[in-house]
Amino acid sequence: MKIALICSVFLVCLAYTWADEDVCSLPMNDGLCRALHKRYYYDSATKTCKMFYYGGCAGNANNFETKRACAEKCYKNKALIKTRKRKPKKKKNNKESSEMTIINMD
């Protein structure tokens with residue numbers, strides 16, 4: 001009984017993982033309703049996340065609330081760096097501080 005339960009859970013997780021990977025290849029579908037929710041979908045032709053207006057019902061799983069969520073799910077082997085423009089902080093000796101970010105792609 002325990003083995004059957006463990007196997008069932010494993011198969012559900014495996015199926016979810018396989019289905020999850022196909023989300024990014026689905027076409028954009030704005031749904032049947034007429035709401036205007038700003039969403040993002042992954043365009044597999046251009047390999048970018050693009051904005052669209054979701055109607056609020058139906059549609060498909062290629063529908064993300066943020067561009068970052070879309071990118072995290074669908075960009076393969078790419079670094080996602082979001083930067084903000086800030087005024088540089090000055091140290092006491094009036095030298096501007098600088099920051100460096102290193103991203104490991106492996």
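Cβ coordinates are placed from backbone N, Cα and C, and glycine is handled just like the others.
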**Report entry** As recorded in Swiss-Prot, which of C13, C24, C33 forms the disulphide with C57
**Finding:** C33
Report summary line: Correct disulfide partner for C74 among C24, C49, by Swiss-Prot, is C24
Requested in this report: Mind tallying the domain 'BPTI/Kunitz inhibitor' (24-74) by DSSP state, helix then strand then coil?
Outcome: 10 helix, 15 strand, 26 coil
Query - Cα-to-Cα gap, C57 (disulfide bond) vs C24 (disulfide bond), nearest whole Å - result: 19
